[in-house]
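Taken from Swiss-Prot, the feature topological domain 'Cytoplasmic' applies to 1-71, 115-124, 198-201, 272-278, 357-367, 426-462, supported by a curator's inference. Feature annotation from Swiss-Prot assigns transmembrane segment to 72-92, 94-114, 125-145, 177-197, 202-222, 251-271, 279-299, 336-356, 368-388, 405-425, 463-483. Residues annotated as N-linked glycosylation site in Swiss-Prot: 149, 161. Sequence annotations record features per position, and here Swiss-Prot assigns domain 'STAS' to 518-713. If you look up Swiss-Prot, you'll see 754-757 marked as motif 'PDZ-binding', on the strength of similarity to another entry.
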């Protein structure tokens, strides 16, 4: 019975063990599908299921018929034009990170948008070049393709060997196709959950480190220095060493241009951020500075007068598709997997933000398919891997973009540049593109502030951020990502391997039990210990669990058991020789000079000392906490009941089951009753299947709650001094109620407590 009285509640019910609860309340039989059942369901097909699959594979079929032309079209047009202009500039700039000519960045900004329009589930993200992925692809290109013209690479694009450029483009395209295939396979296999292994802290630390890599890699373009390309661990330090050893060769014109562009871009981005509510659209500062820089470079003939590096030849139209290299596949499978996972993680996290903001669903597996197909098409047409750039997606959303129609229109802008006006960008300095690339890193570089916030919230997450950053900086992006994931998983193991176990006590004299160290006024029944483990118990932490339990109770049950068995052997010898008598006042030893050989006892097999104590052959009972014969001393223990709170223990493995049963047996053999509370039915069923129970450890030790176990102990022990019992009421039945004012107490008008075992 449950009765609500104001802000209190009164509960009257029997005290239940898990076994008696199951006997009184029968569970319904549920049919659990087997693997064959799931296989049949996957292989079966109906018209309704086929329609559902088609709609999931092509989300455009769901939202395009419901498109509100009058309400959304104008906003999408404005957003598409703004996003397209940004995409053009970012494509050109991020191509430098891949170590290929800027023109190929336009392909990377065009093809993924087209495929995502049909296959994507997010309405607001802008798919295309992303600096972190561009940097990761560039690292692979640098490693696979050796540069024969490193010293003259920066002078002009025309000095680069055509076959060398084609080889770099082939590697970038092959890596992109392979990462797309990996994403497509993961999506088809419905394993989009892999992104959960990249926590927000890890992604933040990794992208911040990638931003540092981008910053360092662009120094050679901003200063126009002949810096060799490095791809091995510590490459960032080698690049910095090369830059500073050649700093006297800096092209002043490129340096001044870069600084001016960088300062102006940062200032106007701050203005856009601060006054975004007042501006109808963000100021397209990248476009404005690109137009100005191109005009000045062309009008003043910077290339000939100051020897600056320019974009150079921009062939109009598309190049024919290529077949990816299988050899590159074999050499870059690990890098491609990292690119695939990072690209999906970034895109999915940004898409999730907008889906929550505008209240529409996204499908992680379908996003994998969409990104995979996008990268496959992009790589086939000589583009490089993409995801979603935060700044570009922000432009698409902030300028009023409602659907991917805005993305399609942005692709039209890129298309116009590719087929018609790309040649106008030929005088543009590469240092300007480098400065624009750095201008888009502000958000990622600002993530350093996460360290302080994470330190206050969660030390483990803060450590993950710091170590991820260090790994990515020192080892490079590929190895750094792998090491970061491994470290993150290690922290999870560490948290479960060393859980914060605690001893609980009653708070408020009700059914509430909390860590007794956290409260001043607690009640802990004499001889009862409540121990809580807040994590799964498995092979790695069963030893830690046992040690913490021993620390909580204050003694080792195995040590007590062995000492009692040793003492029992001595008592048997004394009794057989007639040297001991049992009286109501205790033992009387008739020979004070009797001494047994400790060495003889110590040489007994340990297995015998670990067996249950058996006193049936003696004509008297032994009170191990009472007085024992002379020369026989063993530690006395006041504990008679131990409650293990397993409400947070989600699973046990086979190894830990054996260890747990051994621990329980040790306590039971020294007459300490053990109770386990808070487990679910599946937990107990698994123990039964694994033959956990025996004559000593039975399923009757399981109770629904801590309070059920406490009430059972109080009634079983029938305390004469407990505040829960009264010596004047020993002859009548005990009754309890839960009351927030008086706690557990006896009342004259009671609901009988039924103890069922």
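Sequential numbering from 1, following the chain as shown.
Yeah, the Cβs are placed from backbone N, Cα and C, and that goes for glycine too.
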Item to check | Among 72-92, 177-197, 336-356, 368-388, stretch most in contact with the transmembrane segment (405-425) (C-beta, under 8 angstroms) | outcome: 72-92
Checklist entry - Can you count the other CB atoms that lie within 10 A of the CB of residue 161 (N-linked glycosylation site)? => result 12
Checklist entry - Between the stretches 125-145, 202-222, 279-299, 368-388, which one has more Cβ pairs under 8 Å with the transmembrane segment (463-483) than any other? => result 202-222
Item to check | Long-range environment of the topological domain 'Cytoplasmic' (426-462) - Cβ separation under 8 angstroms, sequence gap at least 6 | outcome: 89-90, 92-94, 96-97, 102, 131-132, 154, 199, 201, 204-205, 207-208, 210-212, 214-215, 218, 221-222, 224, 251, 254-255, 257-259, 261-262, 265-266, 269, 286, 289-290, 293-294, 297-298, 302-303, 308-314, 389-391, 491, 495
Checklist outcome for this item: residue 161 (N-linked glycosylation site) falls, by DSSP collapsed to helix, strand or coil, into coil
Checklist entry - If you run through the topological domain 'Cytoplasmic' (115-124) with DSSP, how many residues end up as helix, strand and coil? => result 5 helix, 0 strand, 5 coil
Checklist outcome for this item: Under 8 Å Cβ-Cβ from the transmembrane segment (177-197), and at least six residues away from its ends along the same chain, one finds 324, 328-329, 332-333, 336-337, 339-341, 343-345, 348, 363-380, 385, 485, 488-489
Next on the checklist: Cβ under 8 Å, sequence separation of at least 6 from the ends of the transmembrane segment (251-271): give me the contacting residues as numbers and ranges.
Outcome noted: 221-224, 283, 285-286, 289, 293, 302, 306-309, 429-432, 434-436, 438-439, 442
Item to check | Criterion met for the transmembrane segment (72-92) and the transmembrane segment (279-299) (at least three Cβ pairs under 8 Å) | outcome: yes
Checklist outcome for this item: In DSSP terms, the topological domain 'Cytoplasmic' (357-367) comprises 6 helix, 0 strand, 5 coil
Checklist entry - Which bits of the chain, at least 6 residues beyond where the topological domain 'Cytoplasmic' (115-124) starts or stops, bring a Cβ under 8 A of a Cβ in it? => result 57-60, 63, 347, 350-351, 354-355, 358, 360-363, 366-367, 369-371, 373-374, 377, 393, 396-397, 401-405, 407-408, 411
Checklist entry - Counting each residue once, how many in the topological domain 'Cytoplasmic' (1-71) are helix, strand and coil under DSSP? => result 34 helix, 10 strand, 27 coil
